[in-house]
Amino acid sequence: MTSLAVMELNNNNNNTTTNCSGDESRNEDREKYLRELTKTFTGIDKPLKNARKCDTLTDLIGELRRTFDSDHVNIEYVNHLMLSYQSNPAEWRKFAKFDRYRYTRNLVDAGNGKYNLMILCWNEGHASAIHDHADSHCFMKMLKGQLMETRFAWPKNAAVTEDSKADIGNGQTGQEEVEYNGDELEELSRSTMETNGVCYINDTLGLHRVENPSHTDVAVSLHLYCPPFDVCSIFNKQNGKRTKCKVTFWSKFGKRESNNVN
C-alpha cells in the first residue's frame, strides 16, 4: 500500500471516528433536552388546532420518526399525535400478544433509539406494579377497553434500597424478600381511561399503577416512552421501598421474544 493510500485510509478512519463521536454527542444532547422537559410539561387534553392528524398507525409511526429527527423535539406535538390517532384493531391486532398470567409489553417501533412505541395487553384484572419512568415521558392511549390509573407521590426516602433481578416485563417484582420500614405511599388520584383517551405522566408528576378493573373484558393500550429506557424503579405501596427493575418485551414487531417462551 502506498503512503498516499495509507494517509487516505487514516483520514477516512478519523472521519468515521469523528462522525460517531458527533452522533453520540448529538444523541446525548437530545436526551438531555427531553429529560429537562419532564420538569415542566404536564400534557395536553385535546389535539392541537390545524396540526396534522394521523389517520392510521402507519401514519403515526412515520410522523413520530420525523418529529424525533429534530434536535429539539416538540413534546406537545408528540402528545397531539397520540391524541389524533383513532384506534383501529385491524392495524394493531398483529402486535397484541396476551399472556394468561400477566400483562404484556409488545414493541411496535423502536424509533431509531429515540423512543419506544409499544402495545400493552391486559387480561381481566391484570395490573402493573407502582413504578416510575426513569426521567422519561410516558404517553398512554387506550385502544380497547378500560384501564384505571392510580397516581402516587414519591416516598420521602426515594433512594434505591436494593438491586434485584426483578423484571417488569415478566411480572417479577422481587419485593418480598427484604424487610423495610417506611411510610405507605400517598395516593394522589384515580382516573379511568376510555377507548381513544390519552394520559401523560413523568416523574415530576409522580408514580403510577395501571390496572384493568374489568373481570370480563380485556384491555389494550398504546404507550410511547421517550427517551427509551431499559431500567426503572418499582415501589411497595405499604412501605415505599424502591427496587430497581429491568424492562423487557414480551414480543417485538409482532414476534414473541425467545426469552419469554415458557
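Each Cβ is built from the backbone N, Cα and C atoms, and glycine gets one as well.
Unlike curated records, TrEMBL annotations are generated automatically.
Quick look at what TrEMBL annotates:
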{"type": "REGION", "residues": "9-28", "note": "region 'Disordered'"}
{"type": "COMPBIAS", "residues": "10-19", "note": "compositional bias 'Low complexity'"}
{"type": "BINDING", "residues": "H131, H133, H208", "note": "Fe cation binding site"}
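Taking the Cβ of H208 (Fe cation binding site) as centre and 10 Å as the limit, one finds 21 other Cβ atoms among all the protein chains shown. Shown are the binding-site residues H131, H133; of these, the residue with the fewest other Cβ atoms within 10 Å is H133.
One way to see the shell of the Fe cation site is to take the Cβ centroid of H131, H133, H208; the remaining same-chain residues with a Cβ within 8 Å of it are S128, I130, D132, C138, I201, D203, L207, R209, C232.
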